[in-house]
């Protein structure tokens, strides 16, 4: 795409990468033009003149492609949050033509109706979600008050919340048909087409000051018919920068699931990584009940056995063995063996790997590929995969190293801490056999458990020196697990020598 420095992590989501080539360039001009007209009216208490509106239109049409694409990326990120998580996959597949159209439900507002969003920053004009979809992906110039003109198709099962662009149509009334004939006839007469009625057939010459046929209609817009059709059919990514080509726009890394195509290099500083991870987590928490988009990749590493990628259950997806298929070939579902190998390939995405520009991806031959290439092949200082949100140096690993060091040093030895937190050394424990290794690390929360001490066996005391001796008394039993590291000592326990005579509890971490 254009310069990665202009994008944030949210603006580079695979959801956005897949849908951006299908956004019409007219949407940017139309939304901004309506906002400019509204601001002008509120400021000057009069409507914008034709000359001023035409100047604004020309300014918006000549805007840099980077600005248009950045706006479209932010708007797609908003729409993604407003679409229910279970329908986001269907939305991408249907808009990109990979799947027949199906209903895509959005999150309702407080009254259970279609939500409204502002398509621009610091704009007081709100648009219904279905209106936004029609303008964004079909390029139809609708006003924000044209929500009543939208008609859902008979195949739509939930017309109140469905935002599927293929299920949304625009009702055409008699006046629209009448004006369509007028515009068509007038436009054809200007092109001097002999097969169409001439201008004299539809326009009466004004007599005695009376208005003719065409004089009865006043066009309020600044777009001509041919210009409106042309700009409404142009994709927003048509005008691109040096790092963005139309050949790349025909595909998306949304369907190229190889680790090399999906990974981005990690940031150079951990502080930047932490900031972006926090921002991503906050954005994911905006929508109630929202889950990561990739069920097989956006979960925690421990839940990999409970979830599978949506490619495995999608009946319309090709099998991993028939990756490079022609457009005429049919779909086939993956076999069980292929599904297992596919899950193995998807497991590679759970590993946070630092890759450079020439790093070879750790992919298996069964990795799911589509006959497309990702939009961006250059790594940048950002994440594009929702699964890689944690730093490679996990705090859990450090906690394990702190609590359970090497087995050779800890076998049969347990550290002891004073109440003031200073360590007093280690001593061999006769009650813990040497070959017994400590179990896995304990959970983060452990309850204090009293340490049972036998009264019959003599305690192991330290040498002369008491508490200042480097070998302090330490007690344990084979039945005591390192998970129970809270020791409660009472005043009646004769096993400890240099302990104050009151009940104390501390943590032997």
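Cβ coordinates are placed from backbone N, Cα and C, and glycine is handled just like the others.
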Where Swiss-Prot places phosphoserine when the choices are 300, 335: 300
Range among 376-384, 385-393, 394-402, 403-411 that Swiss-Prot annotates as motif '9aaTAD': 394-402
193, 287 - residue that Swiss-Prot labels as phosphoserine: 287
Which candidate, of 191, 195, 273, 305, Swiss-Prot gives the annotation phosphoserine: 305
